[in-house]
Amino acid sequence: MSATVLFLAVIAIVVAWWLSQQRLTAKPWLEEGPVAHLPGQAEPALPAAKVGLVVFLAVVGILFALFTSAYLMRMHMGDWRPLPDPRVLWLNTGVLVVSSYALHRARAAAAGGDIGAVKTGLLAGGASALLFLAGQLWAWQQLAAGGYFLASNPANAFFYLITGVHGLHLAGGLVALGRTTAKAWRGGRAEEVLLSVELCATYWHFLLGVWLVLFALLLAT
Amino acid sequence: MVDGTLGAVGAVPPAEVEDMELYHPKSWVTRYVFCQDAKVISIQYSLTALSIGLVALVLSWLMRLQLGFPSVFSFIDANAYYQFITMHGMIMVIYLLTAILLGGFGNYLIPLMVGARDMVFPYVNMLSYWVYLLAVLVLVASFFVPGGATGAGWTLYPPQAILSGTPGRDWGIILMLASLIIFIVGFTMGGLNYVVTVLQARTRGMTLMRMPLTVWGIFTASVMALLAFPALFVGAVMMLFDRVLGTSFFMPALVEMGQQLQYGGGSPILFQHLFWFFGHPEVYIVALPAFGIVSDLISTHARRNIFGYRMMVWAIVAIGALSFVVWAHHMYVSGMNPYFGFFFATTTLIIAIPTAIKVYNWVLTLWLGDIHLTVPMLFALGFIVTFISGGLTGLFLGNAVVDVPLSDTMFVVAHFHMVMGVAPILVIFGAIYHWYPKVTGRMLNEALGQLHFWITFLGAYAIFFPMHYLGLVGVPRRYHELGEAAFNTPSVGTLNAFITIVALIVGAAQLVFLFNLAWSLVRGKEAGGNPWKATTLEWQTPETPPAHGNWGKELPVVYRWAYDYSVPGAEEDFVPQNQPVVARAGAREGAPA
């Protein structure tokens, strides 16, 4: 469970830092009045959706940390037979980087008010994400063709499970991305879609980061 | 220390919320069924949870009938008994306690107590309930599939959970795992709402350190649940793979009925780690909201500010953090490295410190208080007593050395039923008696409430205290029949029959409560806006029950903490949180440090 505990420690540090900003040593029974000048009393600096996404990413993060922990514990059992890493995974990784970069550009364009570039970025990001998913399916295909079935070895099972869960998260993101793209297409102005584009971009970068860690794990073992 | 006192009242700008921001129900269906109002969602959650809880109550009756009068009821064979045990445990812990404390009380109280109009993501909040309902329906469906519900025990340990000797091996376990996965998805939707609403939607003046402890408890528990439930999710998905697709995540090489199974090499211990990484925080996911609620009940009904508010907050946070590093104390007998056992025993016993701080502070809040023995207060007091006796036996079990002989005996059953079953349920009852007037505008009947309390409280002790003795003489838990054994003395048999009879009575007494809920809805005394003279914001709404959007045109402004009871010199013995500065005689004294 070391990977999980490590991830939890990171969350704990963030939470501790946040709590340290919250005047937890205040003596509320002595403080009467509207306290409009105290920290945390201005309008929230971030929109609720952004905070919601960050919390959600923490949940997704611990989910993958737990899968990683299970992977690391299970691989020390005697029956573990590492499977070959399909070459196409390298290509897929590149495609996912492109996807993330396209959304990064879309976010910059939305901030700059250029709706045309936003549309291009969203389309490029969505298309490359779909390509990534197709590539992952192709990798499964190759493994299955090589006789590496789900149930034949725990290493295979973990491979299919972890890549599958990651792919499902990306597919869920594609729904949100599709709605954002539709909004941009229906004539939304750049500042109207800015928040949605930002959320999508953040989610994409996070899933890219998760994939890089998972890919490194698969390559290293 | 920032001195935030006595700012100019007029300096606070009015915060009007445009109509745009609110969701408006357009029809009967969107008002009462697919509703995005957190208060309606709360009622939906609570009623669903109580209904499925009744099923679990009946299951416990059936188990007790078998234990008290072995072989009298022929339909309770060993398989049925294990199914009852499993479903009773799972329903009570997850589908009742977690759902009602977070989904039920969280939805109702968080927006009202922090002065928000609604949860921050109302649509996701609505989805959360419907996904939860789906999880419950899948769970109930497992009673009716071929082979019946799973009988693997609520911990669902592999390999036995998916081997053919276990009842419900065909479909029951699949539906159980699917239901858990659905539940976790639904909970995550709700949990995001609870956490982000507290972070983002507090009204002006509501600093974190002015929040009622109820909100602190539910908030911290939601954060914990968001981080702990994924472990159960991972465990459930992997076991589903093992069962349906034939993988060997958890399944070792096995010979079953003389046949070598296709499984091999898996690690049942891995599942135990995942399960208890969820399972122990789960105890506090249930306990922390209960701690918070009980703090507010005690303070309100003893007309006294909560003793050591800061310590209470810190203790909640500390318990939340510590509970993630104790999980392996459920696995002392799994053959782990003794040094691990030492580590986890230490962390387990350290948790007793913040917990004890909370208990002392409750008692000190009562000290010299103007205690009103209302029904909510009775339940709160009952909780303290029960939690102490249940917590003390936890110190026995937390020691690895003492745990080994007691593991898997009725002592364990007694311990966790006191601390995790009876104690939170008493709080839930108390909270319902306390907030029912706000939800419906009418009081629950006092006499029926007293009757309900005394039967439940005394009955719970009559049921669970003797079980400690049964455990000490060696009666194992989860046994369908004790048979010929050294520990199966006549006194054990008599005691078991006694426990069963009391359990039947206590269970039936809950009908009084249900009747009271229904009867008071129509016939209850009109409650008015603030029948308990409480300070927190939910009692200050312009309408009772609160209208959609909770507040009038303007959100309330908070001027003080939630516990200004019996302030010297103030006109009344309580000062609502949204009341501007009051004239009073002299400086405030006697506030706890």
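Cβ coordinates are placed from backbone N, Cα and C, and glycine is handled just like the others.
Bear in mind that TrEMBL entries carry predicted annotations, made automatically and left uncurated.
Because the structure is a prediction, the values reported are computed rather than measured.
Here's what TrEMBL has on this protein:
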- B:28-559: domain 'Cytochrome oxidase subunit I profile' (DOMAIN)
- B:40-62: transmembrane segment (TRANSMEM)
- B:82-110: transmembrane segment (TRANSMEM)
- B:130-151: transmembrane segment (TRANSMEM)
- B:171-192: transmembrane segment (TRANSMEM)
- B:213-241: transmembrane segment (TRANSMEM)
- B:283-299: transmembrane segment (TRANSMEM)
- B:311-333: transmembrane segment (TRANSMEM)
- B:339-363: transmembrane segment (TRANSMEM)
- B:375-398: transmembrane segment (TRANSMEM)
- B:410-433: transmembrane segment (TRANSMEM)
- B:453-475: transmembrane segment (TRANSMEM)
- B:495-515: transmembrane segment (TRANSMEM)
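Within the same chain, the transmembrane segment (B:171-192) packs against the transmembrane segment (B:82-110): three or more Cβ pairs sit under 8 Å, each pair at least 6 residues apart.
Away from its own ends, the transmembrane segment (B:283-299) comes close to residues 93, 97-98, 101-102, 105-106, 212-218, 220-221, 224-225, 228, 305-306, 312, 316, 319-320, 323, 358, 361-362, 365-366, 376-377, 379-381, 383-384, 419-420, 423-424, 427-428, 430-431, 434, 534, 536, 562-563, 565 of its chain (Cβ-Cβ under 8 Å, at least six residues beyond either end). In this chain, the transmembrane segment (B:213-241) lies out of contact with the transmembrane segment (B:495-515); the count of Cβ pairs under 8 Å, excluding pairs fewer than 6 apart in sequence, is fewer than 3. Counting same-chain residues at least six beyond the ends of the transmembrane segment (B:375-398), those with a Cβ under 8 angstroms from any Cβ of the stretch are 290, 294, 297-298, 301-302, 329, 345, 348-349, 352, 355, 359, 362-363, 366, 406, 411-412, 414-420, 422-423, 426-427, 429-431, 433-434, 444, 446, 449-450, 452-453, 456-457, 460-461, 468, 532. Looking at the domain 'Cytochrome oxidase subunit I profile' (B:28-559) alone, the prediction's average pLDDT is 93. Tertiary proximity for the transmembrane segment (B:410-433) is limited to same-chain residues at least six positions away from its ends with a CB under 8 Å from its CB atoms, namely 92-93, 97, 100-101, 105, 283, 286-287, 290, 293-294, 297, 374-380, 382-383, 386-387, 389-391, 393-394, 396-397, 444, 449, 452-453, 456-457, 460, 463-465, 467-468, 470-472, 475-477, 513, 517.
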